[in-house]
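Read through the structure below, which is laid out as structure tokens, and then see the notes.
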Amino acid sequence: APEDRWYEAEKVWLVQKDGFTLATVLKPDEGTADLPAGRVRLRIDVDKTITEVDEEHVHRANPPELDQAEDLATLISVNESSVLNTLLHRCRAQLPHTCAGPDLIVLQPWGPVAPSAGKLMPSVPWCRWDGLPAHINSLAQRAYWELLSHRRDQSIVALGRSGAGKTTCCEQVLEHLVGLAGSVDGTVSVEKIRATFTVLRAFGSMSTGHSRSATRFTMVMSLDFSATGRVTAAQLQTMLLEKSRVARQPEGEGNFEIFSQMLAGLDLDLRTELYLHQMRDSTSFGMGVWSKPEDKQKAAAAFAQLQGAMETLGISGSEQRAIWRVLAAIYHLGAAGACKVSAKLGRKQFMRFEWANRAAEVLGCEYEELNRATFKHHLQQIIEQVKSGLSRRGLEDEETSSGLKMTGVECVEGMASGLYQEVFAAVVSLINRSFSSHHLSMASIMVVDSPGFQNPRHQGKDRAATFEELCHNYTHERLQLLFYQRTFVSTLERYREESVPVQFDLPEPSPGTTVAVVDQNPSQVRLPAGGRAEDKGLFWVLDEEVRVEGSSDNVVLERLCAAFEKHQTGYKKKSSALRACEQPLQCEIFHQLGQDPVRYDLTGWIHRAKPNLSALDAPQVLHQSKREELQSLFQTRAKLPPICQAVAGLEGTSQQALQRICAMRKTFASSLAAVKRKAVCTQIKLQMDALTSLIRRSQLHFIHCLVPNPVVESRGRQGSLTPPHLGVDKPRAGGPQAPDIPALRVQLAGFHILEALRLHRTGYADHMGLTQFRRQFQALDPPLMRQHTQGFIIWAEWRAVEDLLQTLDLEKKAVAVGHSQVFLKAGVVSRLEKQREKLVSQTIMLFQAVCKGFLSRQEFKKHKLRRLAAQCIQKNVAVFLAVKDWPWWRLLSSLRPLLSATIGEEQLRAKEEELTMLRQKLDKSEKSRNELRQNADLLESKIADLTTELADERFKGDVACQALESERAERLRAFREVQELKSKYEQVQKNLGEVEKKLEEAQQKIQLNDLARSHTGGADEWQMRFDCAQMENEFLRKRLQQCEERLDSEITSRKELEQKLGELQSAYEGAKKMANQLKRKCHHLTCDLEDTRVLLENQQSRNHELEKKQKKFDMQLTQALGESVFEKGLREKVTQENTSVRWELGKLQQQLEQKEQVTLQLKQEVERLQAHKQELLRSPSMGQNGVADLKERLWKMESSALEQQKIQNQQENTIKQLEQLRQRFELEIERMKQMHQKDREDQEEELEDIRQSCQKRLRQLEMQLEQEYEEKQMVLHEKQDLEGLIGTLCDQIGHRDFDVEKRLRRDLRRTHALLSDVQLLLGTMEDAKTSVSKEELEKVHSQLPSGNHTCIPYCTAHNVHNNGLKHTNDQDNDISKARASPTGFLVPLTRERVSILSKLEGEPEHINHLHYPGSVCIAQSAADIGQIQEMQLQLEEANKEKHKLQEQLQVAQTHIEYLEQSTVDRAIVSRQEAIICDLENKTEFQKVQIKRFEVLVIRLRDSLIKTGEELSRAAASESQQRESSQYYQRRVEELKADMEELVQREAEASRRCMEL
């Protein structure tokens, strides 16, 4: 097989730094040196060079047939290089989609895509998805199938870098779902979906370094489905809009595409109305700038396409003009700018009054209102400062002051971003309005799209990432964490709960570490442990530092580094997701599981975390506008609570939409305190919490979008164009780029794709409940189905499932039964469903036929009624045409309207009264409805207020609890300090008493000394003092020397310790490197082991399937044999019937001949009678009596002629029937002949197969004989080598070397063992040869008698005898050689024995050691002599048999010559030969059948034994039931007796009562 040749060649992938290449493993030759452990020698297939590498850099390769595998889980070896090779091969073949277990990988093509690439054939909604190719539409259809089968919400999430094509994939999914399922009333269509993405592309995308049209918001598009599987409604929800891009863009990136499209595509009248006919050359927002004239033309065409999309979505012209007005106002605000009017007070205003006035006029408000809304918070602060009389220092240092103060430019930017956020939310609400519906829905499919992962390094830029890019990366990490939890955590937890053993460990790097750096949430109540606060994420640190007066970005970075870099300072270093950079205010966060770090610049992030009050006041400007179109468009947003304004699309009428809105509102209500103080970072986190909580309750499907090469493109323009698809970059003019293998490796490792594939292969792909599994597949076991359908409740589901699995005969490793679920390997469910469909299809077809018949009958009844009604109408029309001219009908037709007029007036009055009553009821219901709405709004507002108050109270309670705990801890610490001070005070008092006592004693001694010294002179006193000083000086010198010596020793010990520490550090680093290397090797080996385990399981499953097929084939063969026997019986019956019919046919032919003779006789009589009649008529003398007699005779003759004619007709009919029977039998005979010929041909083919198999067997036996002969030769060579060794040993014995003697003794024992093995081999070979010769002689004896009858068998026997003679001659030669070899071997042994004995005569001390080997040699030589004698006897017998055979051969030759000379018919001989061959073939076939029947008998015997055991069990159970039934009958009889006694007692009691 090609796979076997591939594995024998040992093809591998050599992993290099920039890619991988195919190589072949070279096996070590005899002349080459051995490689060290862990090294491999390879030959690279490209340039045929030979190199040696480590085993870590070698990956196993798959066969070339799997280079374009649709599912990566089907690869035999799952490693990084094999996966990349498959993805690149599929991408080059214009197949960018590849399955990775349950998920999908989309590799963005780096070359020009063919028009037919990526397309899929239109599929039917009810077809199975497991047979579809790897495509984005297949994933959508699988989600649709899961929704219909499980009635559960589905979510499709796209993950990947920015510019990887996520939005395009989401658009394809939505288009396919809508086109596949269809809409209920046409509210959702493919054209509307395309129009929606056109609008979103214009309002939410821009030109970046990653893509020409990059999405800058997170989107959730939900499709609601009814119970019949059709789309009822759709809803769009957006969040995390990068609204700051309106005013600020990074270098080389543009603004939102809607501005360039609007400024290029508006007509002249609308330009004049919006004051856009005169545009500034440059604005602070970077709008209206095109690098080329073609860009402006393309932008105008895109604007026309946008207007068409809005019309498709049902957005009216007035609503479009309202949107253009707000966008024009944003443009005018960018042109107006801001400046500082008063340096003392810090008051701000617009720099260009005319542009600000235009913005106010476009928005429908006054200039003062716009100015106040933009800068009013500064005005309020100035008024408060003037009233309170603050110092000038606090007013002058405005930029560094605390609070929420902002510059004028920030105020204008905030107003512009707030207006754009409202416009975007209004566009989303208009889209939802076109998709809204009131139909009931069952479940929904949600499609999630995000901006994706962003890193400036991917663009080739040296700048650090911004705060907005951090938010987008945080979104991507949260979705990646959701994938990690769904794929690994929940799956392994399910296996653990169900006690299903799966050998797989949770991957160590988790996205949770990166997410914790950003949003790690501290506990609300915490105790100070060691005086250190609990770790907090970046969002929480920013949220706290915003409220701290005088805080800065340095404090944020220091707190963040102190919290997340502390893991690297301990003894056990842990991987941290954060690292401080050398640049000021910059840090690096390790995204993508540490594979793709991003450098962030924290400059100005505290100002970014502050809420912009101008942006918060922007909705009020739109709500208070004097233009009706603006009020009507933006008034709906005013009804939403403030906590939900960060998310757009919180409106809907369907049931599923209301459930989604409630889920989001609950998430926002969980942290109302943070929302109430308008914390920006907390709002970002809450939006992601709402998104994850929304999609976590559904079944998740992930799409991993990969970029083959990083997009490095410099853009010098600010405007952007609208390409046909989002996230897809055009290739360069120089041709397609080569794929970047390191970038693809980083993406694969960051997505955990390889680990997910290994878990999918190692674990179980499908799981379902026990009841669901039994109900779904119990049709495959009809007895079990009948057993369980009798009862409504099944108490032991696991027992039923085990019985079902035993019937299905699945492989043990393919299925695992847990406590409540059944786990199945990939492909098992589809195989079972195919079997179930095959079984149920016939029943379903019959049911469909019955239904169709019933409907056809109902339709026929309707047609009959319609026909009857038409006939009645025709009859009435005919009657009317007949009576329309009658006078009384005219009178009736003239009087009838007069009679009905009064009746109609009365009915009209009654209807009017009913109408007034209904109108009153309608008014009342509307009033009550309005009241209920108002009450509901009031209650909702109250609930919102109460929830805010409750959150505030909770926050206050948490703060109070925190303060209480801290105070309690301080009290405990103060109490401990007081106790410690008391103990110290007591010790000090004790010490003070002792010191006072010592002081009194010293004073007494001094007084005594003074009294003593008063008698002596002062010189002695000074001499004593001098001596004391000298002694103290010497003592201090000695102490100084000791201290110096101690310092030197400590310095030397420190140096030694430093050296030891360096050595230990180097050893630790080496051990760490070795540990990492061993970990990599262990991981590599575990991956290979898992691959081999999966391959083994696949082979076992394949063997299991083959065994099932073999059993099925055996059953079919037995059935065929039974049918053949039955057909033979039928053939015999047919032949018997044929003979009987032929006999009857001959009998009938004889009867027919007899009847024909009778008819001839009758004809002759008739002719004779006619002649008599003519004679009678001619005779004139005939009376009346004679005429009467003649008439009677004539009548009799006519009646007899009629009877004869009837009889003749009957005979003709019988003759015709017999002829038909004869023809039919002849046809049957021909058919039987053809069947017999076919059977003979089949038998001849079987005989040919048997002959070929026998020939193959003979060839195998010849090969075995050759191998035995070669082994014999090898043994003889080894014997000769051993003889040479024995000779050398004998020569060395006389040197008296003890070491040599020991070695010689060991060699002697080895030679004896080898000699015994040689003798055994020779004995076995001689026995085999003698047995073979005897068998051949038996064949000759059996074949010699057959030569008396045929000629050709004698010739064949002659050849066989010649071959036998040759073989016996060869055996004779072999025996003679074998005879000579032991005799020749015995002579040197005897000589060696004599020489050894002669040498050992003078050495008595070694006789005891060498006596045993000599005795062994003697015994061995005796045995050899006995064997030689036996071989001589066998040779003599063989010679005798040879002579006998030669004599028999001569007799046979003479007989053959006689037969050849005799005149024997060749045809008879050949016919007999053919008969003999047929008989031999039949006998062989009967032998084979007998063997098969024996096997069948054994199986039947086992089945009979099993049935006997089951019968015994059934008898035992029946006996138990019988005993229990007898016991219950006895109980019933006793109860009956008790009842009779009770009845008697009751009767007596009633009688006594009556008597009383």
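Even glycines carry a Cβ here, placed using N, Cα and C.
Residues 1525-1552 are the range that TrEMBL records as coiled coil, among 433-460, 489-516, 1497-1524, 1525-1552. As stated in TrEMBL, the feature coiled coil covers range 1428-1462 out of the listed 63-97, 833-867, 1428-1462. Among the ranges 714-734, 1323-1343, 1365-1385, the stretch that TrEMBL annotates as region 'Disordered' is 714-734.
Listed by sequence, the residues of this chain that lie at least six past the ends of the coiled coil (1525-1552) yet keep a Cβ under 8 A from its Cβ atoms amount to none. Neighbour counts were taken as the number of other C-beta atoms within 10 angstroms of each residue's C-beta; across the binding-site residues Gly160, Gly163, Gly165, the minimum falls on Gly160. Mean pLDDT for the coiled coil (1145-1278) in the predicted structure: 77. Counted within 10 Å of its Cβ, the other Cβ atoms near Ala164 (ATP binding site) come to 29, all protein chains included.
Just so you know, the Cβ of Lys166 (ATP binding site) picks up 27 other Cβ atoms within 10 Å once every protein chain is counted.
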